[in-house]
Amino acid sequence: WRGREGAPYSTLVPSDEVTINYRHGLPVITLTLPTRSERCRFTVKPMVTTVGTFLQDVQREDKGIERAEVFATDGSKVSDATLMEVLLMNDFKLVINNTAYSVSPPVKDKLSSEHATEMEDIKSLVHRLFVALHLEDHQMRKEKELLQKLDHLKEELLPLEQMKARITDSADAKTSRLLWVGLALMSTQGGALAWLTWWVYSWDIMEPVTYFITYGSAMAFYAYFVLTKQDYIYPDAKDRQFLHYFYRKSKTQHFNVERYNKLKEDLAEAEESLRRLRQPLHLRLPIQEINDKD
């Protein structure tokens, strides 16, 4: 039997030096510690313990062990990440310092279908318990990260929000003034037509004038549709004019609208993620306790 570099081990010990017995369903590995020359038992959990963890436990028990490795019967090294459940399915060699121990795990009795189903249920229960025990820590870390992200986004948005508020007030004031000017012009036009109809000319003369004014207004509304591809609806026209003033003012004030919108989207996404994280079904807590935490 040779090591990875081809050098023979000084001793190849028979399998009785390392024994494996099952107690309460768990394998117990018994071996002789080289420095202390005494037998020591190691109970492993095959579905959780890895080869690396088992070797660390052996070295921790005997500080004189400088080298501890596991090899398959064909001489290939067994990875430290391999579960002990997989290792105990076949024969292997345990190397401690320069001594190689030949190990033959006992063959476990085949489980009945009912017992196998019960074992699968137990494994599933253990997995759910593991997830439940570690879920709260993960959610706490995730919540902390989201809160830090929210604080950072709000700090970036604060000066932009203040600038946007000033620009919005200015654009809204200009839009309102434009609406009042339109109302004043329409009132003036109506008064002028009434004055020309009853005091200066007659209706027979003013009727064609009013017709062409109406036709000119229809042409203006149609031109608005051709240019904007929208009907001339007063609320929509007001919003369009507001946006025109807003973007023109933003350019003069060096307000980055794209960056502001991106920050708002990131803020909404982070808030939604935090809300979903704090849902009672995700935290597995009563609704009242969630409300208290908020």
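Even glycines carry a Cβ here, placed using N, Cα and C.
Among the features that TrEMBL reports, domain 'Calcium uniporter protein C-terminal' is placed at 61-263.
If you look up TrEMBL, you'll see 178-197 (among others) marked as transmembrane segment. Panel annotation: around the transmembrane segment (178-197), residues 203, 206, 209-210, 213, 238, 241 of the same chain, lying at least six beyond its termini, place a Cβ under 8 Å from a Cβ of the stretch.
Within its own chain, the transmembrane segment (209-227) is flanked in space by residues 189, 193, 196, 237, which lie at least six positions past its ends and keep a Cβ under 8 Å from the stretch. As annotated by TrEMBL, transmembrane segment applies to 209-227 (among others).
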For the domain 'Calcium uniporter protein C-terminal' (61-263), provide the mean pLDDT of the predicted model.
81
